[in-house]
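Below is one structure, written out as structure tokens, with a few remarks after it.
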Amino acid sequence: MKTAFFILLIFSIFYGKAKGAEDREGFPVNRFGCTYPCYYGEDTEKCRRLCRETLGADYGYCFWYACYCENLPENVRRIKSQGFFGCSNGWWVVSTTTRKPK
């Protein structure tokens, strides 16, 4: 009985942490509400730099032709799922990212 309770407790802790991390990931958007386009290959490194160095996330990569970040700070604007974005999918400038003032 103690073993079952212990396993349930461990599962609950890991599920809670994973659930919380999911809430802080997504496609970051700039001040115009546009995602940062990428085309795999060398742009994957651009996404990593955007997510980690500029936005303060733990990790970033190119996913469905847009940069996707994991463990973003709560003050970074993002969208959760990909769709039709209504922004041009051209080259982007990292300086167009906005953050809420501290």
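Positions of Cβ are set from backbone N, Cα and C atoms, glycine also.
Feature annotation from Swiss-Prot assigns signal peptide to 1-20; the stated evidence is sequence analysis.
Summarising the annotation, Swiss-Prot assigns domain 'LCN-type CS-alpha/beta' to 24-102.
Other Cβ atoms within 10 Å of the Cβ of Cys34 (disulfide bond) number 18 in total over all chains. As annotated by Swiss-Prot, disulfide bond applies to Cys34-Cys87 (among others).
What Swiss-Prot records for Cys38-Cys62 (among others) is disulfide bond, and it gives sequence analysis as the kind of evidence. In the three-state DSSP assignment, the secondary structure recorded for Cys62 (disulfide bond) is strand.
What Swiss-Prot lists as disulfide bond is Cys47-Cys67 (among others), and the listing cites sequence analysis. Within the same chain, residues at least six positions away from Cys47 (disulfide bond) with a Cβ under 8 Å of its Cβ are Tyr36, Cys38, Gly60, Tyr61, Cys62, Cys67, Tyr68, Cys69. In this structure, Cys47 (disulfide bond) is part of a helix by DSSP.
Look at Cys69 (disulfide bond): DSSP puts it in a strand. Marked as disulfide bond by Swiss-Prot on the basis of sequence analysis: Cys51-Cys69 (among others).
All protein chains shown were included, and the count of other CB atoms within 10 Å of the CB of Cys62 (disulfide bond) stands at 21.
Cα to Cα, Cys51 (disulfide bond) and Cys34 (disulfide bond) are separated by 15 Å. Model confidence over the domain 'LCN-type CS-alpha/beta' (24-102) stands at 80, taken as the mean pLDDT rounded to a whole number.
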